[in-house]
Structures are given as C-alpha cells and as structure tokens.
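Enquirer: Let me give you the structure first, and then I'll get to my questions.
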Amino acid sequence: MNGKEVSSGSGRTQSNNNKKNNNGGSTGISHASGSPLTDGNGGNSNGNSRSRSRSRKSSGTTGGLLKKPPLLVNNEAVHASVPDASHTSCNNGTLEVSINNPEPHVVDAVARHLIRNPSNSLQLQGGDITRDLYKWTNDHPSSPSQYQYPSQPALSTSIPSQAPSFSNRKRSMSFSAASIASSSHLNNNSEANGNPLAAIGLAPAPMTHEEIRAPGGFRRSFIIQKRRKHNVDAPIPNFFTRNFIEFLTLYGHFAGEDLSEEEEEEEETEEEPEEEALETESTQLVSREHGRHPHKSSTVKAVLLLLKSFVGTGVLFLPKAFHNGGWGFSALCLLSCALISYGCFVSLITTKDKVGVDGYGDMGRILYGPKMKFAILSSIALSQIGFSAAYTVFTATNLQVFSENFFHLKPGSISLATYIFAQVLIFVPLSLTRNIAKLSGTALIADLFILLGLVYVYVYSIYYIAVNGVASDTMLMFNKADWSLFIGTAIFTFEGIGLLIPIQESMKHPKHFRPSLSAVMCIVAVIFISCGLLCYAAFGSDVKTVVLLNFPQDTSYTLTVQLLYALAILLSTPLQLFPAIRILENWTFPSNASGKYNPKVKWLKNYFRCAIVVLTSILAWVGANDLDKFVSLVGSFACIPLIYIYPPLLHYKASILSGTSRARLLLDLIVIVFGVAVMAYTSWQTIKMWSQ
C-alpha cells in the first residue's frame, strides 16, 4: 500500500485490490504504512507536515508503529470536508474511500487513529506510554528559559512552528528529586497560606497527579507517603549515632558468622520508621542480604572500630595480672602476645581471602569439615559466655563497694551473690532484643563511662606515684608462683578477634587493613603495658583484682567512677552475650523455626535466652571469689584456641592447597604447637591453684 493517498471526490472504483490488507493488519489504509493523509483536494495540510516528525514514535497499529500524527476530527468535520461518495476506487496509485458507504474494515482501521475528544490523548494506541514521555520532555527543556510545551503532549494536527531544540540528557536526570522538592515546597507554602486541608487536620497531597504520572513518579509518591505516615523528617544521623550503630551491627556478624534473624527485619520495618524515611527514589527496591551494609567504612573509621573492639574491661584486670607475673615478665609477655596475635590475625584474614568465605566457622568447615566448624563456634560461644560472667562479677564487686561506702552499710551486709543475680533482672529484657542496633544507646553510654574510668585510672595512678613514690619494695620482676595466671589474663585482654572479619569486610579499601591493624596493635600494646605497669608501680603487691578498689573510697570522684564503670559493664554485658546466644540458638532450634509468624517458637526462643542468662549468672557466682583465676581460665581455655590454634591451622591447610613456601608452613606448625602447649599448661595450672 506504499505510495497511496486517502482522498475523496472521484466517485468510482479504479482498482481490484481495494479489499487487500497491509502487512500489519490495518486494512486498506495507507496511514499506518507511511503515506500522507490528505483532505478532499489531495493536498497535505501544513500542520500535518510539521507534526509528522513529532508523532512518528507515538503509537502503532498491529502491524507497526504509527508513522503519522493523529487527526483531531469529529464526525461533523469529516462529513463537511469530504464530498459524497458511494464507492472506493484506485487510480494511478490513489485509493478513494467512500465516506457515506465505506468498507467496514476501512472504518475500523481509521477509527483507531482518530481522537474523538481532543483533551484525551489516551484514546490513541500506546497513548498511556507516549503521554508521559511527551510530558517529561515538555517539563525538562535544555534550559529553564526555553519554551515550555503544555502539560499534555501536542497531539493535534498543528504544532508550534518554533519548537525549541533539546540536547541529549543523561538518564540520571529522570531520577532528579526536583519534582519532590518542588512539590514539598508548594505543599509547605500552601500550608503556610492557610491550606483548607491543613485547616481541618489533613495533610496536603505530597505530589500532584501529573507528577505521579511522570516516569518514576509512583515510587517517589510512595516514599513521600511513608515519610508523612510516620511524621519523620529523615535527619542525617550524627557522627556518634551512625558509628555506634555500625559498630553494633558488627556483632550481628561476629567472627563473620551471620547471627541475624528474620524477627530482626520485621522489627526494623514495624518499629523503626526512621529507617524507612532514609529511603530515596534511587534506593534499590530489593535490599541486599540482610545485615550487609552497602556503605563502606574509611580507613580511619576502621581504626576506631578496631580500637573499640580491643580496649574494654580487660585492661582493668592487668594491674593484678602484673603482680601475678612480675612487671618484667608481664611487659615482655604482653609485647610478645601482641606480635603473635597480629600474625595470627593476619593469617585469619589471608585464609578468608583464599577460601572465599566470610565466616570463621565456615572456613573450618570447608578446610577440615563440620567438626572443625563446631569446635570454632563452641570456642566463640564459650569465650563470650566467659566474658559475660567475668563482667557480671566485675559489676557486682564495684556495686557492692559503692553501696557500702555511699550508704554507709556494714561490709558484707549484702552478699556478692545478691548483686550478681540482681543483674539478671536487667540482662533478661536486653537479651530478648532481636535487633542489636537497639542496644546502641546502652553501648554508647557504656563506652563513654569506660573512657572516663580509664582517664581517672591514669590520672590518679600518676598522682599517687607523684605523692607516695613507686612501690619498688613489693614489686617483683618475675613471680615464680603465679606467672601462669598472667598468660590467661593477657589473652583475655585481646578479646577483639571476633570483630576482625566484619571490620575488614566493611572497609572501603581492604588493602589498608594490615597497616591499620598493625597500628592498632601498637596502640593497644602501649595502653595495656602502661596501665598495668603504672598501677602496679603505684600500689605494689597490694593491688586489687579490680584496680578501682585501690583508690580512696571516701572521695566523690572514686565513688562516681566506680558507679559509672559498673553501669558501663552492666550495659555492655548483653552485647557480649549476643553472639553466644545466637550460636547456641541456631544449634538448638531448626533452621526453619522462625518466631516471625509463630508466637510459640518465639516464646521458646525467649525462654532459651533467659536460661542462658541465668546460666551465665550461675557461672559468675561460682567464680566470684577468685575473679583473677576465673578470668585467667577463660583466657586460657577459650581464647587461646581462637587466636593461637585455629587461625594457623586454617592457614596451614589453605596454604598447602595454594602452594605456600615451606618456611611459612613451618611457622604455622610452630604457632599451633605453642598454642596447644600454652593452653594445656595454663589451664591446668589455673585449675590447680583455684582448687587449692
């Protein structure tokens, strides 16, 4: 049908092919195939000529795209402009169509491209698509000063003669938040000017219907509605809040294991609308694996996270540990532990990169089988329970001394066991928290109190030495009787191995992890050695297991620090217990047992968590009378395997598979033998001294 025109006025049929269809199925009409539409005189209107290029991509028939602009005509206009004809004919390639008695298939084909109502362009085929495209083009010219088309695409037969030229725009412009900002600005102005909806307590519409019909408008409207629903302004989290939430999230992936659960996601969506308000129109529709954060940490932030993970309560046990080992042996042992620990930490990260998995236990499963994974996770759970029990005794001891001095109670009037089990009332509600980020407030307070306590320990120890001098008469360079107790306490102090993998994963530049870790280990070694040596030099053999008890108990400064430090450890204990609870919970309950939709399963898990808290308190009560020996046993039996046995074992197996040098393999074997020997000897010695 190419090259044919629709005309009228001839009154006769000149072709035998008047009933043939074109290839696309639009029968007998050349409008869909590319030839111009003319009026009764066979001429093409100037308006149609201009609009041809604009409408070429607008819509199409069944056989192809619509090549010509639609005709804005009605029935009266058709009958007025076309003479009477009773038949169709074809002469010299021209098809004549009768208006009074047209062929049915011709009427059907023409009707597809006629707009009965000029204000409704959706009657066109594909109009629901081209409408938004035209509108977006009209609303986004190459410059603001250029001509703006009407809000609806120009679908009439006349197009303005002077059309502005549009430069090619990047696709990112379609994600511009200008429409949202302008809509919010208009809504705010309308409210200020006495919006009738606001007057009756109804919020104005976040977006107009034209903005919603724009590409991506529905998603933008949905995001704004969620903001309005929860009345959230979506402020940018401040530095401390953002960093502490990220730090707490690392405990959800302790030792690289995924310890989060489905209930956590449910609580985030139902009880934390602030997270929803942080969504934008460019936020991905389907989130990544829960718990994984797309935002990477800088090197400085990684250093701060490492410092937080290593510097904790264990530093206050070091003065008594220096007395057990002797100041010379203790300083040398701490320095050696820092060096060997750094090598084992690097071996663990190297093995993770070689094996290609993130979990500490998963590395053991791939290299040695499921029994190795069970051993690793058992050590993690046991060490975290040991930390929590030691923290419980530490808190109970400080609270007992504080109460006796502040309330002038008789010493021993309230037993230490009472303070231990009273903490269960606080630990149980906190342990039931599924979303670990909700502990951000308690963790922030705890870290601030710990920092204040450390500053006070340094300041008062220096002041005490300046006034009374060094207690050199009672200081020992090497304590032959109790030196093995120091090793377990020193290992207990380096308690941050579980956070190494998630911190390394969160770094924007993972290649900077080694130098960052080396710098942190140097800083930590200086803090540990200086604190232990300084307090031991100040108090000598009279140093207490908790060094705060050596400070004058009749001053408000000491009482305040004791209370704040006790509260700090009290609030941070549930955070230490969280990985152990999740590991034991995963072993006890089936993988598909979720309390998200089953209240019975959820309450069974709640009872299980309460049982773990009570068990930890009982363990703390057992070791309360000899806290230094209890801490040493936890460090020897639970922490030494995690640092000095499992990492070289994993690295040895992975290095054999990758072809590492024999010298490096021999070094791994030496560290393994050293770790096993130290663990066995120190654990046996600690139990022996405890029994005596």
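Cβ atoms are placed via backbone N, Cα and C, with glycine included.
Grabbed the feature section from Swiss-Prot, which reads as follows:
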type	residues	note
COMPBIAS	1-14	compositional bias 'Polar residues'
COMPBIAS	28-38	compositional bias 'Polar residues'
COMPBIAS	154-167	compositional bias 'Polar residues'
COMPBIAS	258-279	compositional bias 'Acidic residues'
REGION	1-71	region 'Disordered'
REGION	135-170	region 'Disordered'
REGION	258-294	region 'Disordered'
TRANSMEM	302-322	transmembrane segment
TRANSMEM	329-349	transmembrane segment
TRANSMEM	374-394	transmembrane segment
TRANSMEM	412-432	transmembrane segment
TRANSMEM	443-463	transmembrane segment
TRANSMEM	483-503	transmembrane segment
TRANSMEM	519-539	transmembrane segment
TRANSMEM	561-581	transmembrane segment
TRANSMEM	607-627	transmembrane segment
TRANSMEM	630-650	transmembrane segment
TRANSMEM	665-685	transmembrane segment
Enquirer: Do at least three C-beta pairs under 8 angstroms join the transmembrane segment (329-349) to the transmembrane segment (561-581), pairs 6 or more apart in sequence?
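Expert: Answer no, regions not in contact.
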Enquirer: Using a Cβ distance cut-off of under 8 Å, indicate which of 443-463, 483-503, 561-581, 607-627, 630-650 has the most pairs with the transmembrane segment (519-539).
Expert: 443-463
Enquirer: Which of 302-322, 412-432, 443-463, 607-627, 630-650 has the most Cβ pairs closer than 8 Å to the transmembrane segment (561-581)?
Expert: 443-463
Enquirer: Under 8 angstroms, Cβ to Cβ: which one of 443-463, 607-627, 630-650 has the largest number of such pairs with the transmembrane segment (412-432)?
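Expert: Selected stretch: 607-627, with the most Cβ pairs under 8 Å.
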